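Everything below concerns the one structure shown next.
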């Protein structure tokens, strides 16, 4: 029966297969399968036809760790640069699966606490087991005792004991032992500040109201119109307030200023160290001055009290008494290129060091000496280029302007602790292309900005204004020699530029100034006219080294030159009033501040010449060698504004202080019954008297 069923099933299957083949319309031969028959492939009409080489070509696939879904163009705002910046690096991490685990590290605090709790639970379970085992042992021991008691009770009649009471006491003892837990040993935690957070409901702090009584703030009604004059008045009031505050600051004593500064500053470790050093330096300065005062006591006594008694026997001759000699090792073999007294502190003077030799240019030095300490300068500044000139501001005596050999100008602030100039010109700000031979402070401009002038060999007279934190330049005039235009092949004309060497501004006429050149000419110029000169003087045959207006007489000026001459001029006349030949190149001249007829000149042969036109208008009343003739050459001279002394500098970096004898500073003699007249009017009349004599002689000739 089973074999027949299997056949029927197979027959039915083959019949069903034949029916399917007939239905599909495919002819299948006997003994073959469907999969072995060939099938026709169908291709789309736009399919690419590739060659065998293209089909066999291998393409390498590179797997990268970059996230394909990461953004490519993220832009964020940069507060530093103030613009939107493209973010180049983007985090490429992609999270595929994350699961929060419940494993705790053994070394962590939570792991230690859990381990400690497990040990506590295990210890309590062991103690319970020990207590139960002891209780069972006690019960087993009591059972035979009870049997023995019953036998004895049965044997001994009449001897009955209180057995139930004893049983109750034993049960109570067992219960107490079972109920008393075994206390494990306390283990100290490694961190006693461990705590577990527990949530609890607490009552929030209730709001409290506090009230107080006070006077209401005052109220005012204000109304005004904003117009031009109201704004101007407000600015004027503000300016007055600022000036008052400045005056208060100036009126404060230096000790109070120092205490306020020390209170305002927050001292760091470095600042405290620097303050300690400054305190030590101040103390060292005081000690140094005391030592020098004792060392140079005889010189100080001569400076104050000594007068040459031999002048009583010499009517028209005087002498120079050497006092102090100033020198510094760092400025050794650097020529003294400039001298200037401080207008406020009469014992302080500034010295500029550089070199006049074109082939031996080196560094420069700015030194400020005090007569109280001749051994070492009070201030010292160094520069990469040689300093050729300097000037100290009249109203701000801590500001020193200097001119360099490389054409730059700079301003030094003596109040600043650092050794660099506060302001300096650059090639972008219009610096000179040749050495700067002289600088002069002038009055502030309309906006109260500091202003000074400079002259250079490039032929430019430049006005420099300190606006905020930079130097702004304006070319006042360019020196052009007359009749010096040359034509070049292209048809253009070239003007020969004059080389300025010295200049000086008029004391009363603000716009007028004189300029000396290397060609020996002196030009009278104006700040208002930049295209032409007011007048031209054929002064010298060689370069003009100095030009100076007389401090008393407004028409008289003096010039000196390398042609050995010193000339005194009236600016209204083109010929000189006085000419003096000193038999050597004249480096510098200076008017005396106490007389309109006294001036000094220094020559390269090491001599200092002092003239007094009221005593002798033909020759010097003092002609004295100051330095060694063969070794040193005197370059500059300056009178002290108050004391009867002069300072001279040489080309070796030495500065010598000399005292004028009484004959070199004679005052008008007293006449019987008349008071001695003093003042500028007397000095002007004294010089006018001499000039009138010269004018009369010239008119006669």
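The first residue you see is number 1, and the count goes up from there.
In case you wondered, yes, glycine gets a Cβ from its N, Cα and C as well.
Swiss-Prot has this to say about the protein:
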| type | residues | note |
| --- | --- | --- |
| COMPBIAS | 136-155 | compositional bias 'Acidic residues' |
| MOD_RES | 124 | phosphoserine |
| MOD_RES | 127 | phosphoserine |
| REGION | 1-45 | region 'Disordered' |
| REGION | 119-165 | region 'Disordered' |
| REPEAT | 382-422 | repeat 'WD 1' |
| REPEAT | 431-474 | repeat 'WD 2' |
| REPEAT | 539-579 | repeat 'WD 3' |
| REPEAT | 581-621 | repeat 'WD 4' |
| REPEAT | 629-668 | repeat 'WD 5' |
So for residue 124 (phosphoserine), how many other CB atoms are inside 10 Å of its CB?
14
Under 8 Å between C-beta atoms and at least six residues away from its ends: which parts of the chain pack against the repeat 'WD 5' (629-668)?
302-303, 306-308, 311, 314-328, 331-341, 343, 346, 349, 351, 353, 356, 369, 371, 374, 587-595, 598, 600-608, 610, 612, 614-615, 621-622, 676-678, 682, 686
Count the other Cβ atoms sitting within 10 Å of the Cβ of residue 127 (phosphoserine), across every protein chain shown.
15
Mind checking which residues reach the repeat 'WD 3' (539-579)? Cβ under 8 Å, same chain, six or more beyond either end.
501-509, 514-522, 524, 585-591, 593, 596, 599, 601, 603, 613, 617, 680, 683-684, 687-688, 691, 694, 698
Please indicate, using numbers and ranges, the residues of the same chain that are 6 or more beyond the repeat 'WD 4' (581-621) and have a C-beta under 8 Å from a C-beta there.
316-318, 320, 545-546, 548, 550-553, 556, 558-566, 568, 627-629, 632-642, 644, 646, 648, 650, 658, 660, 663-666, 683-684, 686-687, 690
For the repeat 'WD 2' (431-474), how many residues does DSSP put in helix, in strand and in coil?
0 helix, 26 strand, 18 coil
Can you check how the pLDDT averages out over the repeat 'WD 4' (581-621)?
91
Give me the DSSP three-state residue breakdown of the repeat 'WD 5' (629-668), ordered helix, strand, coil.
4 helix, 18 strand, 18 coil
Tell me the residue counts in helix, strand and coil for the repeat 'WD 1' (382-422), as DSSP assigns them.
0 helix, 19 strand, 22 coil
Could you break down the residues of the repeat 'WD 3' (539-579) into DSSP helix, strand and coil, giving a count for each?
0 helix, 20 strand, 21 coil
